[in-house]
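Listed in TrEMBL for this protein:
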type     : residues : note
COMPBIAS : 1-12     : compositional bias 'Basic and acidic residues'
REGION   : 1-30     : region 'Disordered'
TRANSMEM : 39-63    : transmembrane segment
TRANSMEM : 69-91    : transmembrane segment
TRANSMEM : 120-145  : transmembrane segment
TRANSMEM : 165-182  : transmembrane segment
TRANSMEM : 194-215  : transmembrane segment
TRANSMEM : 235-257  : transmembrane segment
Amino acid sequence: MTQLDARPRAGDTVRGSAPADGGDGRGGVRGKGLGGNSVGLMGSAVIGVSTVAPVYCLTSTLGSTAGEVGVQMPAVFLAGFLPMLLVAFAYRELNRAMPDCGTSFTWTVKAFGPRVGWMCGWGLVIATIIVLSNLAGVATSYFWLLAGEITGSASVAALDDSKPVHILTCLVLIAVATAISYRGMTATKGIQYALVGLQLVVLAVFVAMALSKAGSGGPDFASSLDFSWSWLNPFAVQSFAAFTAGLSLSIFMFWGWDACLTANEETTGSEKTPGRAALIAM
C-alpha cells in the first residue's frame, strides 16, 4: 500500500501511481518490495477466477442459494451480477487513476481522508480473515472426505469430526497457502494456473455427467421440471427475506475478482490490465 510521509487529507487530488523506483524513503513513496511486471492479462484473470473459486461456490453456496429462492435462482444470480459488474467497472476506473495494491483502502484515504480509509482497510482485513478461515474449513472437510474415499475407510473420513484434527488441518492448509504467497507472484501464478485448470476440468465433467443423466430419462429424473421463463423473474421469489438471502449469497459467489486489482503493482500495464482482468474474471 502507498505509504506517504505526509498524512493525506480529505479531498486530495489523485495524481497517479507511485514511481517504480520506490523513492528514497525520506521525501517520497517508500518501496514495497513488489516484483513489477510479474503477471500479464491472462495470469491476472486466472488469479481472479481462482479467488472466485467456482468449485467452492458449487459445493458450499449453490445449494444454500437454491434452498432460499428455489427455481428463481437464475434470476437472483442475474440480480447479484449487475451490482458486482458495476463495482468492477468502478474499480477499473479507480485503478486507472491510481494503480496501488491497497485498492479501496488507498482510494478511500485519498478521497475521504485517513479516518474513513482506516475503517475501509480494517473492513477488508476482517472480511479476509473470516472468509479465508471459512475456506480452510471447507477444504479440510472435503480433504478428509476425499482421503476416506481413496482409502475406502470410513474412520479416515470421520477424522473431520474431530475438532483438534479439523483445526490442525486448517492451520496446515493456511500455512501452505502462506508459504506459496511468500514465494512471490511468479510461484503463485503457476500454482493458480494448475488449480484453475483442475477446477474447470472438474466442472466440465460434472456438467457433462449431469446432462447425460438428465438426457437418459432414468427414474431419478421422472419428476424433473421443464424450463420456464418464470425462473428469470426475481419478483416470483416467495418473500423479500428469501430474495435478500439469495441475493447476498449470489453476490458472495461473484466475490473474488478484486484480487486482480490487489496485484496491480505486479502486473504488466498496471493502469489498464488489472481492470480488464477483473472484468474477464467476472
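Placement of Cβ uses the backbone N, Cα and C atoms for every residue, glycine included.
Automatic prediction, not curation, is the source of TrEMBL annotations.
Long-range contacts of the transmembrane segment (165-182) within its own chain (CB-CB distance under 8 A, at least 6 residues past either end) are made by residues 132-133, 136-137, 139-141, 143-144, 159, 188, 191. Among the stretches 39-63, 69-91, 235-257, the one making the largest number of Cβ pairs under 8 Å with the transmembrane segment (120-145) is 39-63. Counting same-chain residues at least six beyond the ends of the transmembrane segment (235-257), those with a Cβ under 8 angstroms from any Cβ of the stretch are 48, 50-53, 57, 61-62, 64-65, 68-70, 72-73, 75-77, 79-81, 83-84, 88, 278-279, 281-282.
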